[in-house]
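Features reported for this protein in TrEMBL:
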type	residues	note
DOMAIN	20-422	domain 'Ammonium transporter AmtB-like'
REGION	439-475	region 'Disordered'
TRANSMEM	20-40	transmembrane segment
TRANSMEM	52-75	transmembrane segment
TRANSMEM	109-129	transmembrane segment
TRANSMEM	136-159	transmembrane segment
TRANSMEM	179-196	transmembrane segment
TRANSMEM	208-226	transmembrane segment
TRANSMEM	238-259	transmembrane segment
TRANSMEM	266-283	transmembrane segment
TRANSMEM	289-310	transmembrane segment
TRANSMEM	322-343	transmembrane segment
TRANSMEM	375-394	transmembrane segment
Amino acid sequence: MNSTDTAPLIGSQYEAGDIAWTLASTALVWLMIPGIGYFYSGMARSKNALSLIMLSCCSIAVVTFQWFLFGYSLAFSKSANSFIGNFDNAFLRGVLDAPSVGSSRIPDVVFMLYQGMFACLTPALAIGAAAERGRILPTLVFIFLWTTFVYDFIACWTWNPAGWSFVMGGLDFAGGTPVHISSGGAALAYALVLGRRSGDHRDFRPHSMSNVVIGTCFIWFGWFGFNGGSALSANLRAAMACVVTNLAASVGGITWVLLDYRHERKLSVLGFCSGAVSGLVAITPGSGFVSPASSVAIGFLGALSCNMAVRLKHHLKYDDAFDVFAVHGVGGIVGNLLTGVFAQSWVAALDGVTVIAGGWLDGHWIQVAHQLADSAAGLGWSFTVTYLILFIMNKIPGLNLRAKAINEHRGLDLAELGEEAYGYVNEKVEGVEHSMEIGQAGGSGASHSSDSINEVKIGSVSTLGRHPSETPQSH
């Protein structure tokens, strides 16, 4: 060999722009996970706010380790069967510069990292159903087991070219079944196993709408990487996925606000956030297959269906704390079915390589049946296996799922973390209470102290959601 010859650079066959877009999308999806934590923490009572943010972040850590051990191999090994992969790529062996199973345009290691964020995000969604009463350590064990026995299976049959749903012709661009339907089914099982929260249900109100809005913004922002990044290339199909994602979220938010306005005559901030997330969920499976006009219909129908599911929950009397099943489960099913209606071959072909028969708009009538089969299988597998995992865990000493009644009343932040989301505010309130006691003991200043403590409590997180002029009603 001539001394001037050089070996080709590893990975030089790939377009740098495709790798850069996928890596950027990975970071966007990562940002969604603490966004879920903030969204959930705002909807909870203040005494449980920190534990929900903690659990979302821990989901990243636990699943990242599981993904390294064998999770990626189970979901995306190139010699998988129609149901699950194997351990060929355990410990990320052989995962580097070969063309990925998802797309020949990016290498294995990039695809592995990107898909790992989906795996981290999904259990973070599901555990919202157990909020305010589920113990933290068993929840972390559950996340590891659930990712292994539920998520990896569904991801394999949906996205691995050997998977039965993929071979059948099911269309799921970014996770309608592996992410949303699976997390919704798991949330329903978790809520049923744990039972209802103790206390007056009228007290279960969001303590911080600011956290809910911040979480929604993180989630919406990250969803551009969630859906747009699923093109696995910087191309027109990725751009179209971003367009329809933003449209569906916008229409969903407006739709939910108007639906709630009919009942409350208020323009609800929580309603807008819930509607936006519902639109994002519904557009996910079809985001690489539908046109902008179709995304408007999907955003509207997704928000309408999820809103109705939330109202139905109150009649069925199960305590899914943050409506995970109603929004992600129902929204994912509706999105999957509407993908079968609105998918069009010209949208999928924007990446220059994908060929599909389309949905009903293209005269491919069987597509809805394919979508229904995939949705039913995903929901059934997730609910059944999740219920079994939780049932078995609950029988193992030390892994009982529900917190003790005294800890539930105290709040999981202090009971299990020993820290509070709003420690300074609580210290101020306690300080004023102590001053009031001293004033009452001395027979002077009691009235002033009483006014002071009311002032502090009205400004603290403990009374958010109630107008200062309102007083609790006795029944």
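Backbone N, Cα and C define each Cβ position, glycine as well.
Contact between the transmembrane segment (208-226) and the transmembrane segment (266-283) is supported: at least 3 Cβ pairs lie under 8 Å, counting only residues 6 or more apart in sequence. Listed as Cβ neighbours of the transmembrane segment (52-75) (distance under 8 Å, sequence separation of 6 or more from its ends, same chain) are residues 30, 33-34, 36-38, 40-41, 44, 84-92, 95, 112, 115-116, 119-121, 123-124, 127-128, 131, 136, 139-140, 143-144, 147-148, 151-153, 155-156, 159-160, 417, 421.
Counted as Cβ pairs under 8 Å, contacts with the transmembrane segment (179-196) are highest for 375-394 among 136-159, 238-259, 266-283, 375-394. Same-chain residues lying 6+ beyond the ends of the transmembrane segment (109-129) with a Cβ under 8 Å from its Cβ atoms: 19, 22-23, 25-26, 29-30, 32-33, 36-37, 40, 52, 55-56, 59-60, 63-64, 66-67, 71-72, 75-76, 92, 95-97, 100-103, 139, 142-143, 146-147, 151-152, 155, 159, 175, 178-180, 182-184, 186-188, 190-191, 194, 226, 229, 232, 320-322, 324-325, 328, 386. Counted over residue pairs 6 or more apart, the CB atoms of the transmembrane segment (266-283) and the transmembrane segment (322-343) come under 8 Å in at least three pairs, which marks the two as touching.
Mean model confidence for the domain 'Ammonium transporter AmtB-like' (20-422) is a pLDDT of 96. Here the transmembrane segment (289-310) has long-range neighbours at 171, 173, 240, 243-245, 247-253, 255-256, 259-260, 274-275, 278-279, 281-283, 323, 325-327, 330-331, 334-335, 338-339, 342-344, 347-348, 356, 358-359, 361, meaning same-chain residues at least 6 beyond its ends whose C-beta is under 8 angstroms from one of its own. Contact between the transmembrane segment (136-159) and the transmembrane segment (375-394) holds: at least three of their C-beta pairs are under 8 Å, each pair 6 or more apart in sequence.
Proximity of distant same-chain residues to the transmembrane segment (375-394), defined by a Cβ-Cβ separation under 8 Å and at least 6 residues beyond the stretch ends, is recorded for 126, 138, 141-142, 145-146, 149-150, 153-154, 157-158, 165, 176-178, 181-186, 188-190, 192-193, 329, 332-333, 336-337, 400-401.
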